[in-house]
């Protein structure tokens with residue numbers, strides 16, 4: 001019956017929208033590289049020693065605990081406190097375990113063993129009872145206060161030691177990183193208790209799903225504090241994102257705000273981290289061996305030899321993090337590296353005058369210095385590029401200042417080099433170094449190993465090539481191509497007009513090589529100059545390689561840099577690069593960045609259909625099918641223009657002042673614009689997806705009611721349609737009071753769920769009664785509903801009354817179907833707090849704070865009355881016309897204020913439901 005109310009064109013549209021949504025979801029959940037993280041292993045059995053907390057503290061936080069990680073002999077030795085190492089505190093995230101510390105703890109222990117425990121780290125971990133803090137924000141403040149107490153407890157464990165620490169380093173995974181940042185907002189917290197903060201896959205900008213006001217209030221408090229106190233915050237902070245493999249927390253949310261006064265913060269995607277170069281999912285980021293090795297190396301380089309603790313020098317801390325996480329020159333970190341190096345010893349000096357040079361070193365018996373005079377090359381070329389496949393940490397490239405072909409001392413240019421997976425390379429613009437006379441490449445004596453060194457001089461215009469990307473709406477039907485015929489080692493393709501998050505492309509690189517015996521490796525690198533989100537692809541030539549191009553962070557308005565596609569190639573190969581729009585990945589970006597707003601658009605569509613049903617009941621006396629009204633009423637032009645106009649007017653000072661006087665919250669569209677998340681036509685696209693979801697959810701709820709009614713009839717004897725309509729049955733006040741007491745004493749979401757189940761039961765019972773009645777009547781397909789009404793005037797009065805009741809029951813079921821759709825979304829949005837309450841029931845019987853309690857007090861009696869409401873009882877209501885007018889502005893309000901604040905949706909939904917219930921009395 002539900003499907004019969006939709007024409008074939010609309011049905012085809014809904015199926016097509018499902019297809020588009022499937023493409024977008026597939027790109028988000030499956031359209032990324034395979035997991036290239038190596039598993040980190042424990043070489044000894046891991047042990048978690050529980051740290052005894054003060055009794056008052058343990059009583060105040062019965063669900064929380066503090067542990068010290070250890071293995072083997074280290075664990076045995078440190079069971080007897082106090083400790084002697086450097087304290088690091090690990091904070092797990094949403095549903096995270098304190099045992100997630102074992103990967104980095106084990107690697108740090110092995111590193112300490114390698115240096116005979118000259119320095120070592122003590123890794124502590126907090127047990128938050130695997131709380132779902134990403135879904136329920138009421139415990140975030142409690143976690144923050146507990147961590148503060150843990151820090152003080154940890155520092156007491158080192159009392160009396162010669163090099164006792166005065167602060168701890170913190171590693172926060174997921175929401176644990178946000179809790180760590182929130183420590184600074186506590187009144188009694190001393191900022192110098194934290195010397196370093198590293199967060200992994202932490203959504204710093206905004207919550208992934210703002211399901212209650214406690215989460216958004218917590219974010220507002222933390223971010224506002226960091227912005228307003230940026231000048232005084234001296235905490236070195238590193239945020240590492242997982243990249244596209246992490247579909248739970250998109251990387252754009254992990255980037256710390258770039259503040260003019262707070263320069264001690266870095267944000268990077270794991271695919272851009274040197275010696276890591278892989279994307280991680282939300283869980284593997286804590287055990288990915290490549291990333292944990294990088295983190296541990298950074299920790300050991302941060303140690304101050306004098307204090308045997310992490311350095312207090314902010315500049316050094318930032319330099320270490322930059323060295324390991326942003327740009328690695330393939331050298332061990334040095335705080336003050338020597339710029340001038342001695343080039344002495346018994347070495348051979350070879351003069352090279354050609355512009356392109358390759359040297360294959362194998363079993364070299366003596367050191368060789370190859371010198372390249374720069375004077376003549378400056379006249380012809382603009383840049384010099386050198387690379388080496390020997391990935392040791394020794395200096396390998398220098399420059400002479402004197403004019404001779406040999407120099408006793410040279411400028412060490414190795415610090416300006418950069419490490420890639422298979423090479424280390426250096427690119428210099430010659431005009432930036434006018435005082436240099438010679439370039440010197442050093443080849444050490446090697447035994448049993450082989451490596452290749454290449455150098456070439458080139459003109460910028462020959463290697464920096466502009467490649468405009470294809471238009472967004474080309475849908476992959478057109479492409480742009482560049483053919484690289486020169487035998488260069490390095491190319492820079494400037495991807496013009498590529499800077500928005502809604503853009504997505506596929507680049508295909510075809511390499512064709514001349515006959516070579518050895519395997520040739522090429523590296524393709526997407527470099528984003530406005531954020532550290534580079535990604536690398538290694539390809540063997542000859543080959544055809546397809547690479548995805550999409551962004552985590554949009555290009556800032558005042559940034560004029562261009563995204564680059566860097567190619568580290570072979571001179572024996574020719575390359576052909578083709579770029580075209582990827583429609584499926586564009587849909588993926590829509591889902592990735594705006595999928596969380598979909599519930600708001602679904603509810604907006606249902607409200608519009610609900611309005612149509614109420615108005616048809618007022619104007620014609622009958623309620624039309626939900627699907628029919630959805631098709632008729634759910635139009636984007638009824639909602640979007642109002643939001644666009646309000647956003648436009650907010651640009652004027654007088655309107656903004658009026659807006660603030662009315663105490664209205666900030667428009668969600670303005671928030672999205674500030675986060676550079678506004679797609680062209682994004683609201684229209686989401687509205688259409690919302691219409692599709694509203695249709696299929698309506699179909700599902702209608703089918704579920706029919707199925708449940710069939711089961712009811714199979715289990716219970718048939719029931720009759722009610723002849724006496726009673727809005728308030730004798731048991732209704734008692735049931736309402738009981739549910740309100742449940743809400744007050746336990747959890748508001750539980751009471752809402754029970755009320756919802758009661759409402760569904762009443763609807764199922766009505767459906768079963770109607771089915772029983774229809775089965776007991778003779779079938780006459782020739783008569784329509786109107787003809788039945790007309791003919792019934794000539795029949796027995798009792799039968800006339802029953803037929804009217806049957807028609808009214810059908811109308812009531814249509815209305816109830818829409819109300820169930822609305823209530824279902826309220827229940828779904830309240831479920832996180834219910835799940836949290838059930839998980840912590842052994843510690844707390846009453847959820848406090850409870851985001852659903854105020855809503856439950858209003859919704860429980862409303863649902864109780866609506867469950868006993870029939871359309872015949874409200875047709876003549878004076879309030880019906882007013883009630884039918886409310887859903888339209890509320891549908892606009894849902895989009896304006898609920899797309900980025902999902903917890904506001906129930907507030908917009910219960911208003912028309914409450915008015916609907918009041919129609920029974922007015």
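A Cβ is built for glycine as well, from the same backbone N, Cα and C atoms used for every other residue.
Now, the feature entries from Swiss-Prot:
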ACT_SITE  174  active site
CARBOHYD  402  N-linked glycosylation site
CARBOHYD  558  N-linked glycosylation site
REGION    775-799  region 'Disordered'
TRANSMEM  12-32  transmembrane segment
TRANSMEM  642-662  transmembrane segment
TRANSMEM  669-689  transmembrane segment
TRANSMEM  734-754  transmembrane segment
TRANSMEM  818-838  transmembrane segment
TRANSMEM  854-874  transmembrane segment
TRANSMEM  894-914  transmembrane segment
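A map of Swiss-Prot features onto the structure.
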residue : record                      : Cβ contacts under 8 Å, 6 or more apart
174     : active site                 : 92, 93, 94, 96, 134, 200, 201, 202, 203, 249, 282
402     : N-linked glycosylation site : 437
558     : N-linked glycosylation site : none
Counting only pairs 6 or more apart in sequence, are there at least 3 Cβ pairs under 8 Å between the transmembrane segment (734-754) and the transmembrane segment (642-662)? no
Hey, does the transmembrane segment (854-874) touch the transmembrane segment (669-689), meaning at least 3 C-beta pairs closer than 8 angstroms, sequence gap 6 or more? no
For the transmembrane segment (818-838), out of 12-32, 642-662, 854-874, 894-914, most C-beta pairs under 8 A are with 894-914
Apart from its near flanks, which chain residues at least 6 from the ends of the transmembrane segment (12-32) lie with a Cβ under 8 angstroms of it? 6, 243-245, 247, 279, 548, 583-585, 587-592, 595, 688-689, 691-692, 695-696
